[in-house]
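Per Swiss-Prot, the features are as follows:
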BINDING   Asp48, Tyr49, Glu50, Tyr51, Asp52, Ser97, Leu98, Glu129, Arg152, Glu189, Lys310, Lys334  NAD(+) binding site
ACT_SITE  Lys131  active site, N6-AMP-lysine intermediate
BINDING   Cys429, Cys432, Cys447, Cys452  Zn(2+) binding site
DOMAIN    609-684  domain 'BRCT'
Amino acid sequence: MPDAFCRDWTSEMGANYSMSKKRHEELKKIISEHDHNYHVLDKPTITDYEYDQLFAELLDIEKNPKGLDLSDSPSQRVGGTVLEGFTKAQHRLPMLSLANSYSPEDIFEFDERVRKFLNTEDPVEYLCELKFDGLSMELIYENGQLVRAITRGDGTVGEDVTHNIKTIKSIPLKLSHKNPPPLLEVRGEVLMFKEDFARLNETQQENGQQTFANPRNAAAGTVRQLDSRIAASRPLRFFGYALGAVEGETFNTQKNIQEYFNDHGIPTVLPYKEDLLVVAKGPEEVVKYYHHIEKVRPKLPFDIDGVVIKVNSLRLQEDLGLVARSPRWATAAKFKPEQAQTTVEDIVVQVGRTGALTPVAIMKPVKVGGVTVTNATLHNQDEITRKDIRIGDTVIIQRAGDVIPEVVEVVNPDKRPADRLPYSIPERCPACDSVAVKAEGEVVTRCVNPLCIAVVKESLKHFVARRAMNIDKVGDRLIETLVDNKLLTRFSDFYRLTKEQILSLERQGDKSADNIIKSIENSKNPTLARFIFALGIRFVGEQTGKHLADHFLTIDKFLEASEEELLQVPEIGAKVAKSIRDWTGNPKLVDEVKAMIELGVKIAGPVRAQEGSLSGMSFLITGTLPVKRDDAKDLIERNGGKILGSVSSKLNYLVVGDDPGSKVEKAQGLGVKIISWEELQAMI
């Protein structure tokens, strides 16, 4: 073949490749803009046919993907990834929960608290926005590229659902920003529009599949699918409203953040005409907004259950700080929940982990806010007596906070039959037949038998919970079965379970048994705070567990603490101190803790940063380690180290496991030291 021909042919191929690559970039941009116009602005500028032609051209070019950047291509939204399970992911900054209010009066009280804390009489400027009824989500952009999406989870650790979130067409895979920040965490809500939800349920019904109770359940269920093709087939939406961690950008107000999102392709409510987001000066304007949104709520294309009020100034937010897990500078003003009328068919009593007997009304099924309700809590005997609720009554029920069903009132109680007698909680525990006791000054009747089968089951369920020991493969049904088969009666029994014992149960296969044993094994390194919370001591919640861990530092010191010493712990009063001491003063319960330690449970106390062997050092993990990534992070933090979210000049060590990503190359370029899991352990 002549050299000249070869040169001409090669030159032509190179030119064609260059043109294809250029056209590919053009198509990505054009299609992404049309996606934004259609799915975010609801203002399509081309026909469906024209859009399909552009998409077909894109797919045709991508048949030969060599040299093409597919990471932000619209073709990546069609789904196809199928995961074996979800991986846990830690938020760089906690996703805090908000305090709730339910009336305009509460808004005035919130404003008064804010001004009092700031020591000012001047009106405070608030950003008022919608409280979406969806699934909270954090999108993480690195250098403008969407790299990860994490559910809220417990506020500290969520689940990585990137494979599904990338299928949502309103979410940009790449920010429309010429110089994107190195890191931008966008927080918002995944939801489903009412009209889309109705169509989805019609399709589900036509296909003989289970329908969803409401748009929120549909959105949450879709996001948690392991197969991203399912998510891609369902009409999910996203609205951004808050920041997580950010590098390379500064903001002065909450409104600035929303405007920034809107300007760079992240969906917000700003394009809507109904003034869904406003800046209000003083509580009067906030209340005006509250009533406005309450009025337009039925017309909105999506569900909301209230409004969120935030101090607009980020500097003032910093001054106000936090209270436990909630910011002082924000509150959620809920709307009155939807109600319905039904009949109380029976009243049954459930026994909780502290022995509390809780009456529950079994009702004729009725839909409230799109959800079929069949039972509602009656709280306690005083509540039943106050409302005079009897079996057979017609009642008004509502979903408190649009979630938990409760009985509001009895309809026409004066017209009920004479033989319909008042209801009284039984004097004996329905689970173990022990005498039930109502202590002086309390409204709750309790079973005081520590061996009550119901108390044991509920205590064990609490022990394995996500925020406690986090034994995620052991669910409520399995605990019921294990207890009924006398394989589980106390906490330490979890660590005595064998694969053979699990296989002896119905519907338990080899893989399932392996997963259960592995899950139990993985729970053996809890923090002291989690372990204390898991014990289920009355009045000791998650936050109190953290205070106790920070104060006593070791499990031994906690178990030995006197009431006087317990009273020195922040936010612990006489009642809580006595409850803790009653528990730690019981030799059988203390022996149970010792038994768990002997069975391999290693309880890690909090380490002061200056005391840790890794103090002052920053770490990032990439690839698969011999242990769970969250456990590795806990190990680093317990020894004073700090976890960073991305490779930067601030990073000291990149811990590399199997199949590492592109972070290794970036770290090498910045001169960051790269170490193995074994080298990290040696440093500790």
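Using the three backbone atoms N, Cα and C, a Cβ is placed for every residue, glycine included.
The structure, with features from Swiss-Prot marked on it.
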{"residue": "Leu98", "record": "NAD(+) binding site", "DSSP (3 states)": "coil"}
{"residue": "Lys131", "record": "active site, N6-AMP-lysine intermediate", "DSSP (3 states)": "strand"}
{"residue": "Arg152", "record": "NAD(+) binding site", "DSSP (3 states)": "coil"}
{"residue": "Lys310", "record": "NAD(+) binding site", "DSSP (3 states)": "strand"}
{"residue": "Cys429", "record": "Zn(2+) binding site", "DSSP (3 states)": "coil"}
{"residue": "Cys447", "record": "Zn(2+) binding site", "DSSP (3 states)": "strand"}
{"residue": "Cys452", "record": "Zn(2+) binding site", "DSSP (3 states)": "coil"}
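The record gives Cys429, Cys432, Cys447, Cys452 for Zn(2+). Within 8 Å of the mean position of their Cβ atoms, the other Cβ atoms in that chain belong to Val351, Gly355, Pro430, Ala431, Asp433, Ser434, Ala436, Val448, Asn449, Ile453, Ala454, Val455. Around Lys310 (NAD(+) binding site), the C-beta neighbours below 8 angstroms that are at least 6 residues distant in the chain are Tyr126, Leu127, Glu129, Gln254, Gln317, Trp329, Ala330. All chains included, 24 other C-beta atoms sit within 10 angstroms of the C-beta of Cys429 (Zn(2+) binding site). Here the Cβ of Arg152 (NAD(+) binding site) has 20 other Cβ atoms within 10 Å, regardless of which shown protein chain they belong to. In this structure, the C-alpha atom of Arg152 (NAD(+) binding site) lies 15 angstrom from that of Lys131 (active site, N6-AMP-lysine intermediate). Within the same chain, residues at least 6 positions away in sequence whose Cβ sits under 8 Å from that of the residue listed as 'active site, N6-AMP-lysine intermediate' are Ile304, Asp305, Gly306, Val307, Val308, Ala332, Ala333, Lys334. Across the structure, Leu98 (NAD(+) binding site) and Cys452 (Zn(2+) binding site) place their CA atoms 36 angstrom apart. Taking the Cβ of Cys452 (Zn(2+) binding site) as reference, residues of its chain lying under 8 Å away and at least six apart in sequence are, in sequence order, Val351, Gly355, Cys429, Ala431, Cys432, Ser434. When the domain 'BRCT' (609-684) is classified with DSSP, helix, strand and coil residues number 28 helix, 17 strand, 31 coil. Annotation: Cys447 carries the greatest number of neighbouring Cβ atoms among the binding-site residues Leu98, Cys447 [cut-off 10 Å, Cβ to Cβ].
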